[in-house]
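Taken verbatim from TrEMBL:
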- 7-30: transmembrane segment (TRANSMEM)
- 12-410: domain 'Major facilitator superfamily (MFS) profile' (DOMAIN)
- 50-68: transmembrane segment (TRANSMEM)
- 80-98: transmembrane segment (TRANSMEM)
- 104-126: transmembrane segment (TRANSMEM)
- 138-160: transmembrane segment (TRANSMEM)
- 172-192: transmembrane segment (TRANSMEM)
- 237-258: transmembrane segment (TRANSMEM)
- 270-288: transmembrane segment (TRANSMEM)
- 297-315: transmembrane segment (TRANSMEM)
- 321-344: transmembrane segment (TRANSMEM)
- 356-378: transmembrane segment (TRANSMEM)
- 384-405: transmembrane segment (TRANSMEM)
Amino acid sequence: MTYLRSVHYGWIVVLTGVLTIVAVLGLGRFSLGMLLPSMGSDLGLGYSKMGFIGTGNFFGYLLGVLMSSRLVKRFDYRSVISSGIFLVGVSMVLVGRANGFWPVLIAFFFTGIGSGIANVPVMGLVSQWFGSTLRGRAAGIMVSGIGLGIMITGVLIPAINGWAGPGQGWRTNWMVLGAVVLTIAVLCSLLIRNRPGDLGLQLVERVEKKCREKQQKPLVAKPFDAGKRTLFHLGGIYFFFGFTVVIYVTFVITSLINEYGFSEAVAGRFWVWFGLLGTLSGPIFGSLSDRFGRPRTLALVYSLQGLSFLLLALNPLPGSVYASIGLFALCAWSVPSIMAAAIGDYLGPLKAAAGFATLTLFFSVGQITGPALAGIMAENSGNFSSAYLLAGGLMAVGALSSVFLPKMRL
């Protein structure tokens, strides 16, 4: 109990952030990749319709992002985040009750709205609670919730499919996962606090530096007047991530089963390892960005992700598929954490939430176009290799663009 009292409440906020990301992305969005093969078979969905389901989700996500900043200004972080999670949970249950393409598309559209409403404000909390030298680490821990959620789906979905049987497994999964998300909504509504001042606290950075009894004055980043050019620069880089990441997570399991001959159970084990490595992604590269800078770390991450796409598309050597999954999982989920930290660095904590919402608009446009285009390309060619090659090329452009981001002024 004494130890818990000594923990700054900012880390409790990080924990609620992890739960939020587990709910709205790990379970609410990326479970689709595991459930698409059985859903597609039962509902008679082709690759193009599978892609449009993902696109519909991200149209909803874009709408949620557009709403999020105004909702936070009118209400507060806690109520907006918990309401968004609640909407995700309800819509997931409705997906499980759907009996055709259009009901699934509409329900998953509302899943996207809830995800956007919750995800943007929860990442904005990082700049409210943490100083610049811990911002990347805190955001990285939050986005590890994506990997944790993927691990849960990799274990749970095959087990429920086996228990419920053909035709009912995917439906039962959506309803069980929806119930988990609704539980998380209640927990977050109880635990989230909007800013340190509400509890009479300071930023986590300042408290930790005092605890180390450093005599020198802490080096705190000054707000950097980046202007529209830097914001659009970051947005363009984030667009490439949005476009490519959803191609991978939406269709990689379908590729493993339909193109590489993996069983659903084996693909599920891959998904578990994908999630496990993903939990390390945000903390590792978020901390690296605190030390070596956001531009260099983004360039490294985009380069590794581009390589992972090329390995999956070309499969040049035995084990290329395994290497692709490992590389992608190890670095993919670090990008949102680095972006959240970067926007706090460039714009300051007061403008961080609005700035991150703007960045997420670029990300959302990428997510809308990526799966639809990949589905159409796969429908025409019979596989996803061309889509993976396109994604790899875009990640190379993103890596190069990251090098030219302005340096922070300390």
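From the backbone N, Cα and C atoms, a Cβ is placed for every residue, glycine too.
Annotations in TrEMBL come from automatic prediction, not curation.
The structure displayed is predicted, hence computed values, not measured ones.
For the transmembrane segment (321-344), the list of distant contacts is 123-124, 126-127, 132, 135-136, 139-140, 142-144, 146-147, 234, 238, 241, 245, 248, 252, 256, 260, 270, 273-278, 280-282, 284-286, 289-290, 294, 297-298, 300-302, 304-305, 307-309, 311-312, 315, 352, 355-356, 359, 405: same-chain residues at least six beyond its ends, Cβ to Cβ under 8 Å. Here the transmembrane segment (297-315) has Cβ contacts under 8 Å with residues 237, 240-241, 244-245, 248, 252, 255, 285, 288-289, 321, 323-325, 327-328, 330-332, 334-335, 338, 384-386, 388-389, 391-396, 398-400, 402-403, 405 of the same chain, all six or more residues outside its ends. The transmembrane segment (237-258) is not in contact with the transmembrane segment (80-98), judged by fewer than 3 CB-CB distances under 8 Å for residue pairs 6 or more apart in sequence. No contact links the transmembrane segment (356-378) to the transmembrane segment (80-98), because fewer than 3 Cβ pairs that are 6 or more residues apart lie under 8 A. Note: the stretches the transmembrane segment (80-98) and the transmembrane segment (270-288) are not in contact (fewer than 3 CB pairs below 8 A, sequence gap of 6 or more).
When Cβ-Cβ distances under 8 Å to the transmembrane segment (104-126) are tallied for each of 7-30, 172-192, 270-288, the top count falls to 7-30. Counting Cβ pairs under 8 Å that are 6 or more residues apart, the transmembrane segment (172-192) and the transmembrane segment (384-405) reach fewer than 3 and are not in contact.
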